């Protein structure tokens with residue numbers, strides 16, 4: 001398949017024979033249609049006939065993608081059921097048997113497929129800590145400190161652009177569409193004029209993207225699901241700084257320092273995201289050390305290797321239980337009132353404000369550690385579906401909320417999941433309400449009328465996420481790499497003085 005550049009420019013050179021065979025306007029229309037097809041039509045996974053080559057950490061890509069899929073499910077469950085009855089959403093966020101309610105969607109383990117969004121974010125952070133540090137750690141272990149400095153400088157420079165440019169593009173297009181097409185959305189009602197909208201967006205985004213901001217909104221109101229991105233950026237900085245600070249440490253000292261950092265972020269201060277990132281870095285360090293010949297590796301872990309199947313399967317089971325931590329509120333008293341969580345609630349450290357993140361820390365780390373040691377599970381995450389999800393995961397995370405608040409909200413109104421209208425309130429979606437009411441039969445979370453809209457919503461979200469991945473996310477990565485090369489002088493070495501002696505004298 002031709003690239004967009006090839007599609008538009010193909011045949012427009014000085015070849016006179018091609019000019020004779022086709023007229024300008026007809027060829028231009030054909031080229032434009034070809035370019036639009038490239039933009040709007042996803043590239044088939046089988047387009048490349050060569051055998052699929054997986055990276056050693058491809059399972060992490062699949063795990064991240066499936067975690068993003070769980071975020072999608074979680075938000076749709078709460079949106080639809082919260083619209084019908086706030087109490088229904090409360091049941092989703094509490095344990096099996098809470099308040100005498102025994103529902104399949106809240107049963108241990110199964111509940112993670114309905115409300116696994118919180119666990120998914122914790123998994124995101126552990127995976128990020130792992131993949132951001134694995135190359136620097138390999139260079140550390142090889143003693144290549146100059147390459148390590150170059151690697152960290154490049155990664156640190158590019159990180160902000162990689163995280164925030166897609167948010168700029170998607171939220172700007174989203175708020176523009178409100179005024180361009182004149183539609184209303186419940187999540188963030190539009191401003192009176194587009195100028196007001198643009199100014200509000202600018203003010204929100206500049207504050208949102210400031211790493212050290214204190215107070216205020218933790219998201220861009222046009223997409224509240226972006227709350228996790230500043231923490232992703234902070235965790236990235238923690239990871240890069242830990243790599244730099246420990247680059248000259250001995251292997252034993254580095255491992256001890258990473259364990260101490262995890263304890264600090266989890267038990268001393270409320271920095272759960274830092275603990276998740278550093279724990280991911282610790283896992284990467286141990287995995288690299290385990291594969292090195294003749295290097296240091298903790299002896300007690302080596303002795304447990306013969307029992308790894310037993311250990312990791314049990315870690316997986318414990319992970320699935322802890323991943324279902326009740327999260328209706330952030331009060332430990334409410335957690336204690338849930339069946340199966342009374343004694344576990346006493347493990348929460350004083351420093352942690354929201355109890356769920358303490359349990360999700362352990363759940364996410366156990367899961368990330370267990371997946372590569374459980375053959376069937378690793379193969380699932382290395383499969384085509386999860387790898388596709390992994391490729392579009394960031395864009396999928398960014399676009400599923402706006403699609404839910406616009407198309408999803410209207411489709412839910414059509415089939416009978418509309419929000420009740422309060423007295424004196426204007427029903428902005430009255431034209432959509434109950435156009436095709438469907439029966440709410442089936443277990444909660446699997447009702448027929450809830451599933452039908454996803455025949456449209458899920459393919460639509462996949463499609464938009466694929467477009468954003470190819471047109472925004474991947475170009476953002478390339479732009480950051482290009483910009484870093486430009487600030488280095490286009491790759492040319494900078495001329496340096498033969499001696500700094502004169503400057504030192506002047507100083």
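Every residue, even glycine, has its Cβ placed from backbone N, Cα and C.
Automatic, uncurated: that is what TrEMBL annotation is.
Keep in mind that what you see is a predicted model, and the values were worked out from it rather than measured.
Cross-referencing 163-184, 185-206, 207-228, 229-250 with TrEMBL places the feature transmembrane segment at 163-184.
Here TrEMBL gives transmembrane segment for one range in the set 448-468, 469-489: that range is 448-468.
From the options 53-72, 73-92, 93-112, 113-132, the stretch TrEMBL describes as transmembrane segment is 113-132. Panel annotation: around the transmembrane segment (388-407), residues 45, 58, 61-69, 71-72, 75-76, 79, 166-167, 170, 174, 183, 185-188, 222-226, 456-457, 460-462, 464-466, 468-469, 472-473 of the same chain, lying at least six beyond its termini, place a Cβ under 8 Å from a Cβ of the stretch. Here the transmembrane segment (310-329) does not touch the transmembrane segment (448-468). Their Cβ atoms form fewer than 3 pairs under 8 Å, with each pair 6 or more residues apart. Residues belonging to the domain 'Acyltransferase 3' (58-418) score a mean pLDDT of 95 in the model.
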